[in-house]
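Trainee: Not my notes, these are from TrEMBL:
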REGION    23-61  region 'Disordered'
REGION    75-102  region 'Disordered'
TRANSMEM  196-218  transmembrane segment
TRANSMEM  238-257  transmembrane segment
TRANSMEM  278-298  transmembrane segment
TRANSMEM  304-322  transmembrane segment
TRANSMEM  343-360  transmembrane segment
TRANSMEM  366-386  transmembrane segment
TRANSMEM  398-417  transmembrane segment
TRANSMEM  423-441  transmembrane segment
TRANSMEM  453-473  transmembrane segment
TRANSMEM  485-509  transmembrane segment
Amino acid sequence: MASGSAPPNAHFVDIHLVLDDDNRSSRNKLGKQPTNGPVKFRGGGGGERKPQTHRNLSRQVSLETGVAALCMEKELKGSSSNGKQEPKVLSRSGKSLASGLRDGVGGGVETCARKGDFSIFRTKSTLTKQNSLLPSRKDGELDLHNLEGIAGAEPDDPVNESVPAGRYFAALRGPELDQVRDYEDILLPKDEVWPFLLRFPIGCFGMCLGLGSQAILWGALASSSAMKFLDVSPNINLSLWLLALAVLVSVSITYVLKCAFYFEAIRREYFHPVRVNFFFAPCIAGMFLAIGAPPAFAPKQLHPAIWCAFIAPVFLLELKIYGQWLSGGKRRLCKVANPSSHLSVVGNFVGAVLAAKVGWVEAGKFLWAIGLAHYLVVFVTLYQRLPTNEALPKELHPVYSMFIATPSAASIAWDAIYGRFDAVSRTFYFIALFLYSSLVVRINFFRGFRFSMAWWSYTFPMTTASLASIKYAEEVPCFFSKGLALSLSLMSSTMVSLLFVSTLLHAFVWRSLFPNDLAIAITKKRQCGSKSQGKEKKAVKKAYDIKRWAKNSSLSLVSSITKSNSGDKDSNAS
């Protein structure tokens, strides 16, 4: 403004620096007064001052909060016919200008109060098609998707880029890394029900694993020579096989739809350290159905094309994941290893069983060797509890039953390849039996966990142990072996029945089977608020350490002076 006398209607505003809550609290700790006083208006000319129509601000607010206040005022004026509106208190959001603009500045009242934008997880082709049907943006209208020119806007895309493995460990908690920590923020609203496909996780294929393995178990009980005293009807195997087939088809169709409409959510699940192992589950479930197919639907020797169709995706995925383990980096095995990593290994042994069933014994030996090599590495890594391994919880969880799956499947695969349950098969079977016993004696520690569909994946390890026990009872027929096989079979069937009933109750009675999948909506980088809190804690800790060091140093200095003085007195006295 040019120098000289100001016009009578001019006003001057004293603008002070607005600090967020974290900086304000830290400055209060240091003894400094924050400059958060009210905005002051000064008259800019002579003469009598006219009454002002502007609202008085009781305290400083950020630009984003002020924009929200204007939108709220417009909404109140538009909805009220007569009467006096009560003023509403606005809480400071602490967001930057770019964050406020992303939350909806340019859309009027509807944009200010708009709900979560789920399109950020949509497939790019679908989103492009939807945007082409929208009206073109007018000149001068704010483009919310292009904020490069605004200070504070993040240039990189927080959704499409891969989230580092360490970020999942930092933002999530729980044995399955499915719960967001309290201080973390997510990209989607927590208090709003998300679309069904976004709430449908990859862990739903665990139900197919549980039912498919049960079909194999009851087929073995009906045909095993050691279990003839049970007189099991083959119709149980047929019923379970049909049910498992129906569930696998339904889950596969639903997940294919999720891939078509929300592919970015699929990418988030693939980069998840725990859920990436469940991408083996669809093919393993299909191999279970091929192995346990009733005689009425399948010949004695299956066609090799069935084995090729199921093992090809498993082999390609293994090349990717095992390569990451071997080459190191942020997704090295000691960093991302968890009990669910057994799923990426057990597929080799199940594929070896199917290879022997189709007549390709050499291919089965090849897969068995790959599975053995990587099982030893995963087992040792998990058993050591390395300091870098953040996914292993201290408390027990049903995920620990995955330790039983791989040695049991290895013993069954060896028997299928070589036709005898010899010393190698018995060695892996005894390892699985010991791990099974170590978990059963601690059954009380498995209480108090929230039900999820991923629990179905932890039922097939019990079933594989039961199948290995039946093979052992055939090789060593005695009362103990037959009783052990019967006991383990009843335990696994009971567990599957309980989970099936619980799934139905959560789906149709409580309607809580598919809650919001918060794990896929974490931000790529940690928010500034949590960073400032961490820095503040580090600063306080550093100050405390300095005080403690100074105190100890002064005490040591005083003690040394006292000792020297006492030594001088003793020397003078002598």
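Any Cβ shown, glycine's included, is placed from N, Cα and C.
TrEMBL labels come from automatic prediction, so no person has curated them.
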Trainee: Take the C-beta pairs under 8 A between the transmembrane segment (453-473) and each of 278-298, 343-360, 366-386. Which stretch has the highest count?
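Mentor: Between the candidates 278-298, 343-360, 366-386, the best contact partner of the transmembrane segment (453-473) is 278-298.
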Trainee: I need to check the long-range neighbours of the transmembrane segment (343-360): which residues 6 or more away from its ends have a CB within less than 8 Å of a CB in the stretch?
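Mentor: Contacts with the transmembrane segment (343-360): 277-278, 280-281, 283-284, 287-288, 290-291, 301-304, 306-307, 310-311, 314, 317-318, 321-322, 367-368, 370-371, 374-375, 378, 402, 405-406, 409-410, 412-413, 416-417, 457.
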Trainee: I'm a bit unsure how to read this: which one of 238-257, 278-298, 304-322 has the highest number of Cβ pairs shorter than 8 Å with the transmembrane segment (366-386)?
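Mentor: It is 304-322, which has the most Cβ pairs under 8 Å.
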Trainee: Mind checking which residues of the chain, 6+ beyond the ends of the transmembrane segment (238-257), have their Cβ under 8 Å from one of its Cβ atoms?
Mentor: 197, 200, 202, 204-205, 207-208, 211-212, 214-215, 218-219, 282, 285-286, 288-289, 292-294, 296-297
